[in-house]
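According to TrEMBL, the features are:
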type	residues	note
DOMAIN	151-366	domain 'Radical SAM core'
BINDING	CYS166, CYS170, CYS173	[4Fe-4S] cluster binding site
MOD_RES	LYS380	N6-(pyridoxal phosphate)lysine
Amino acid sequence: MEAAKPPSRRFLQSEDFKPLPHIIADNTAHADPSAFPISERSRAFKDQFFPAASDAEWLDWRWQLRNRIRSLAGLERIFNLTADERDAVSRHTGSLPMGITPYYASLMSLDNPSEGLRRTHIPVGNEFIKMPGEADDPLGEDHDAAVPGLVHRYPDRVLFLATGFCSTYCRYCTRSRMVGEAGGEYEFSKSQWEKAFDYIAAHPEIRDVLISGGDPLTLSDDRLDYLLTRLRAIEHVEFIRIGSKIPVVMPMRITKSLTDMLKKHHPLWMSIHFTHPDELTPEVTESTARLADAGIPLGSQTVLLKGINDDLSIIKPLMHGLLKRRVKPYYLYQCDPITGSSHFRTPVAKGLEIIEGLRGHTTGYAIPTFVIDAPGGGGKIPLLPDYVVGRDGEDLILRNFEGGTYRYHDPDGVIGTEPCHQQAAQ
C-alpha cells in the first residue's frame with residue numbers, strides 16, 4: 001500500500017488538446033418550467049441554499065453548470081462535513097476534479113457521510129491510498145488509442161472520447177486520469193475530432209461508434225449535432241451510441257431542442273449511468289421519458305460499489321425502477337481498479353451473488369449482465385453464476401434458480417465433462 005500519485009495525463013498534454021472553459025452559453029432553448037417537474041426535496045433544497053434562483057433558472061442546465069459545487073467552501077455551505085472529507089478536499093491536487101450540480105446535491109444527505117450518493121461524489125482520504133493491482137489507466141485505453149481520444153479495441157467498434165468535461169464527477173471514475181484539471185477543465189479541440197473522423201472513415205470495418213468522455217451531453221446542441229452529423233456522413237457507420245450520466249445528475253439538460261436534434265440521427269442509442277434507487281426522482285422520470293419518446297432505446301450501466309449498492313435489496317428496486325422508466329438494465333460492472341478506488345471495490349463473488357438473486361426471481365428484462373472490464377485492455381468479460389453442475393454420461397446436469405438439479409440429454413455435448421455423481425432430479 002502506498003500513497004497514490006496524481007494520474008498521468010498523456011492525452012491532456014498532447015497538442016491536440018486545448019484548455020477552454022466549457023461552453024455553457026449557446027442557443028439552446030430553456031426548458032419549460034411548467035413541463036419539467038421539481039420534486040419536493042429538490043425544491044426545499046433550492047429554497048434553502050439557492051433562494052435567489054427562480055424555477056426557470058433551476059431548470060436551466062446552464063445555470064446548473066455555472067452553480068456547481070466545486071470547492072471546500074461550497075461544500076461547507078451545504079454539507080456537515082467530516083474531518084476526513086474536509087481534509088481530503090483541502091489536500092486535493094486536481095487529479096480528479098470535484099464538481100456536483102445543485103440538483104444532484106439536493107439528493108444527498110447533508111449530515112450522513114455514509115449515504116450512498118454523497119460517498120460517490122465527495123472526496124475522502126482513501127482516494128490517496130494506492131493498493132496493489134490499481135493503475136491510472138487499468139483498462140489500457142491509452143494503449144488502444146488509434147489517435148488520442150479514439151479507442152479502437154474491438155474489431156467493429158470504437159470509443160470516441162468527445163470531451164473531458166463532466167457536470168458531476170464520480171469519485172470512482174475509470175477515466176480519472178483525463179477528466180478535468182486543476183485550474184480548468186478540458187475538452188477536445190475541433191482538430192482532435194477531425195483526426196478521429198478521418199480514422200473512422202479510413203476503416204470500413206468500424207460500424208459502431210460509442211460517444212463518451214467526460215460526458216458528451218455537456219456539449220452544446222450545435223456541437224453535438226455537428227459530431228453526430230459528421231459520423232452519420234460516414235457510410236459504414238451503422239450504429240451510434242451515447243454514454244452519459246447527464247439524465248441522472250442534470251436531467252433538465254434533456255430539453256425539447258436537444259431531443260429534436262437527436263431524432264435527426266437515428267438509429268441512436270443511449271447508455272445511462274445509474275447508481276442507486278435514490279436517483280429515480282420525478283425529474284429523472286421526465287428526462288428518461290423525453291429520451292424514450294424521442295425514439296432512443298435506453299440502457300443502464302451500473303458500477304457495483306461497496307457499501308453503496310452492493311446488496312440485492314438495492315439493486316433489485318433499481319433495476320425495477322429503470323424498467324418502469326423504459327430503461328433496460330444493461331451492464332453491472334465490477335468496479336475498475338483505478339488508483340485510489342479500493343474503498344469502492346467489492347469481491348467479485350458479490351456481483352455473482354446479486355445476479356443469482358435476480359435470475360429466476362424477477363423478470364429477465366430486469367437482469368443486467370455482470371462484467372469485469374479486464375485490466376490491460378482485455379475487454380469486457382461477462383460472468384454468470386455456475387448453473388452447470390456437471391455431466392453424467394450423455395446427460396448434462398443443471399442447477400436452476402431454486403437450487404434444484406435437472407438432467408438435459410446432450411449426447412454430443414462437451415460442457416460439464418467432469419464426472420458428476422450428484423443425484424439429479426428426474
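The backbone N, Cα and C atoms fix where each Cβ goes, glycine too.
Overlay of TrEMBL annotations on the structure.
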| residue | record | Cβ within 10 Å |
| --- | --- | --- |
| CYS166 | [4Fe-4S] cluster binding site | 28 |
| CYS170 | [4Fe-4S] cluster binding site | 19 |
| CYS173 | [4Fe-4S] cluster binding site | 20 |
| LYS380 | N6-(pyridoxal phosphate)lysine | 14 |
Work out the three-state DSSP category of LYS380 (N6-(pyridoxal phosphate)lysine). strand
On the 0 to 100 scale, where does the mean pLDDT of the domain 'Radical SAM core' (151-366) fall? 92
For CYS173 ([4Fe-4S] cluster binding site) and LYS380 (N6-(pyridoxal phosphate)lysine), the CA-to-CA distance in whole Å is 17
DSSP state at CYS170 ([4Fe-4S] cluster binding site), helix/strand/coil: coil
